[in-house]
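Engineer: According to TrEMBL, the feature domain 'ABC transmembrane type-1' maps to A:67-257. Among the features that TrEMBL reports, transmembrane segment is placed at A:7-28, A:71-92, A:104-126, A:138-156, A:190-211, A:231-256.
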Amino acid sequence: MRTRQVALHVSLTVGGLLMLFPFVWMLLTSFKGTHQMLNNPTDWLPSPWLPQNYVEVLTGSTILGAFWNSFYIAVVNVALTLLTSAMAAYAFARIKFRGSGALFVLFLATQMVPPQVTIVPLYLMLAKFGWVDSHMSLIVPTIVNPFAVFLLRQFIRAVPVELEEAARIDGANRWTIFWRIVLPNIKPGLGAMGIIAFLAAWNSYFFPLIFLNTPELFTVPMLLATYAKQFGAIDYGLILAASSIAVVPTLIAFLIGQRKIINSMAASGLGGR
Amino acid sequence: MATLTRPRTAPAHASPKGKVRSRDGLWAAFFLAPQVIGLIVFLVVPLGFALVLAFMKWDGLGNQSWVGFDNFAAQLGDPEFGRAVWNTVKIALITVPIGLSLAVLIAVGLNSIKGGNFYRVLYFMPVVTSSVAVALIWQVILANDENGVLNTSLKNWFGITAPDWLGSPQWVVVSIAVVTIWSSLGLNVVIFMAGLQTIPPQVFEAARIDGASPVQIFRRVTLPLLSPTIFFSTIVAVISSLQAFDLIYVLVDPKDNEGAQTIVFRVFELGFQKFEFGMSSAASILLLLLTLIVTLVQFAAQKRFVHYDS
């Protein structure tokens, strides 16, 4: 039994190191100077440690602006996604209306459609709205989130109906019940869905690639990819410095909230069961 | 929101049931409106438009004409499209079975040791990392020049001349699969760990008392009881593998390497680089059909392999 535990730990550690290695290599290489990259590219440690790549990325690109773009787009998108999907979820969970079941199935069925099928018509449509090369194209269409409606419906169904009935007897209408009773009682669900939606918005690349042209409007992944296409073949150190600037804040946020983030993603993978 | 607050004016003699019902319909409409309107505008209408476009020839400007099934026939007869389908299928066939098997093994391992959370965090780090950054990091590691750490190390330490992982059309499929597995492994691990925790511990206890070996327990108890979760994850993994784009597009420029040209890349190239909107829509609908067929086959197969508690 003991040897089995040891063997398990050893193999899991080896696997863990393989998971960690690319990040470590990214950080180490980002501190290497051009001279070292040319002469001793596979030296593990930078010698000397040079911050020049970071200086160059921070001064030569709009990456800090991209952080702000990514951040506010994700926050607005997540807030609107949570509010509107919780509303729809409440209707599906608690209000009896004709066609409720069919509409819910239709919602879930649209999840099967790959985003690539609708991307050309969506582009032509958003161009008519004047939303191409604007953050509206990233914020608004992805608010429609059938998965969020499904997940939050599961959470709302677990709220005791008695709470709502008590409020109704006191004269509260549906909106008051939703706002005062239901939302506070599904905070864990909103938190989990919020994390999933935030990560999706924060890391999204396909939509910015299709819709944005102006570098000042770029989000972090879009800026990173464009920057790499510009300098990638010339200077790996520069690219990995840019990647580190993009990745490290996300990883720190993840390490702080790891338990909640992992559990949210696990719950989503089980289909909210 | 004040305008939405209806005064309670229902007179005592009115039928309360009918009153509540009609009001409920309005409330349902109000609560559903944002998501349903969004769904219609941003999903249903574009989907209908895509179906129409697929039967048209249109460059996005003035000239448009109906061409029937010509776009579909052209795509199906185009060797480039055939190659894209084959590449997509190959990547899925490597990524899904290996990625999910590894995830099951790691999840079972993590579930049976103390301090599993440390490893869980480690394996999960790539999941929260943007696919663009993942692709760039691996691009540098796999590069076939003196800066590519993998090939230079293989050469210096073992004298092996390794293939050009990202440059060769054969090996790029493997590289894409490996990077995809690396970046999605953690998510599948935590999903399987959550699935394992729904299995009552008494079941394992009973098998152990009956003298089952760890391998027997894994095959006869763990796998069958985990099979609903495995099934769900397989469906998700296959769909996301068929529709993968971001990571591949940044890791290898598909224009430089035909091995990295997938169906989604064809849709993207036809629509946004060649502006053949009809062709692009037809290709995307073929992708949708492939997704549906593969998913239906999996649902049909689940009856034989998936164990549900009665």
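Placement of Cβ uses the backbone N, Cα and C atoms for every residue, glycine included.
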Engineer: Are there 3 or more C-beta pairs under 8 Å linking the transmembrane segment (A:231-256) with the transmembrane segment (A:104-126), counting only pairs at least 6 apart in sequence?
Structural biologist: no
Engineer: I'd like to know if the transmembrane segment (A:7-28) touches the transmembrane segment (A:71-92) in this structure, counting it as a touch only when three or more C-beta pairs sit under 8 Å and are separated by 6 or more positions.
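Structural biologist: These two segments do not touch.
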Engineer: So if I exclude everything within five residues of the ends of the transmembrane segment (A:7-28), which remaining residues of that chain have a CB under 8 angstroms from its CBs? That is, six or more out.
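Structural biologist: Hits for the transmembrane segment (A:7-28): 44-46, 240, 243-244, 247, 251.
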